[in-house]
Amino acid sequence: MAPLGPAGALPTSAEPLSRSIFRKFLLMLCSLLTSLYVFYCLAERCQTLSGPVVGLSGGGEEAGAGRGVLAGGPRELAVWPAAAQRKRLLQLQQWRRRRPPSPRDNGEEAAWEEESPGLAGGPGGSGAGSSVAEAPQGTLALLLDEGSKQLPQAIIIGVKKGGTRALLEFLRVHPDVRAVGAEPHFFDRSYEKGLAWYRDLMPRTLDGQITMEKTPSYFVTREARISAMSKDTKLIVVVRDPVTRAISDYTQTLSKRPDIPTFESLTFKNRTTGLIDTSWSAIQIGIYAKHLEHWLRHFPIRQMLFVSGERLISDPAGELGRVQDFLGLKRIITDKHFYFNKTKGFPCLKKAEGSSRPHCLGKTKGRTHPEIDREVVRRLREFYRPFNLKFYQMTGHDFGWDG
């Protein structure tokens, strides 16, 4: 006979049965939650692996600039879920920071090289930190297929070997500046391709951002064509002591063609009479007043800014302040963005666009000039002096090349 319960009643089988059902319910619930968690993790991982990062894509951030973009272009990215887009953009931003710009497709030399994090203070800056680590707004706009491509509102039109590459890279730190990395050479080499082709080279911009490009050969070639595109275009000319500029121009050519004649023999039509050969491009480019006369037939002087190549080295923040004012931009680029590299003799960016590491002008910049006969240099200075004085008068600025 079964023992009596606490109240004198027989026990029932309901109690162990209910405990058994409860255990099974808990096991099923745990199994379901585990499966959901695994599925969630796998889904998140798949989203971040939707496409590889590749370089030199035709639909990239900057046509011809050699920058990497997402496979498939911005339209493919636009159909991804929002979480995947954010993760992919973060991946790209980190990848861009690790990768320095590659050499230009059109023969233009790579302008920047990465440096070690050690920052030595100097004339170019105070050594303080910078706040330009984040990728610029325009990068996100491009990848999300936002914004639009515009014809440039500002162009750096010259001069060759004046410091145009340094100026452009410094300006690209500004969040409201979007610029093509490589030189488009549209107005002097590809004009027949049309403005639609030219516009397609430009990076995407948002409201309030400025589209820019730089091709230093424009200053000596195609002022009328730029005027035909837009008479409101702002023009920036980086100028440098024409004698030093000519020697630098020759030095660059010599590095590519070691068999060319000497600087002295190219400078004179007749060494005995001292007649300067103005047909040689290295000499011709430095006659700034002559070229400026052509531009002033199409643009008022107020739409042109003349930047000192010498002060761009000695006081980059000061010259960039003038440029930002000219472009109607807030003065964001200041001393804190620069430090002076004593080895190169140039100011460097503490953090370039899309990078968290210091960047300097590349090894091809700041080449050692060959020794030039002092008498040749003296005659060149005499030749340029009247043109320089006229240029000072036209621009209202004494650049001090004849002091």
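The backbone N, Cα and C atoms fix where each Cβ goes, and this holds for glycine too.
In TrEMBL, annotation is done automatically, which means it is predicted and not curated.
The compositional bias 'Basic residues' feature in TrEMBL is assigned to 91-101.
The region 'Disordered' annotation in TrEMBL covers 91-133.
TrEMBL lists 119-128 with the feature compositional bias 'Gly residues'.
Among the features that TrEMBL reports, domain 'Sulfotransferase' is placed at 152-385.
With a 10 A radius on its CB, K161 (active site, for sulfotransferase activity) counts 24 other CB atoms from all the protein chains. Among the features that TrEMBL reports, active site, for sulfotransferase activity is placed at K161.
Neighbour list (G163 (3'-phosphoadenylyl sulfate binding site), Cβ cut-off 8 Å, at least 6 residues apart, same chain): V238, R240, V307, G309, L312, I313. Residues annotated as 3'-phosphoadenylyl sulfate binding site in TrEMBL: K161, G162, G163, T164, R165, R240, S248, K365, G366, R367, T368, H369.
Neighbour density for C348 (disulfide bond): within 10 A of its CB lie 26 other CB atoms from the protein chains shown. What TrEMBL records for C348-C360 is disulfide bond.
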Give, as a single whole number between 0 and 100, the mean pLDDT over the domain 'Sulfotransferase' (152-385).
93
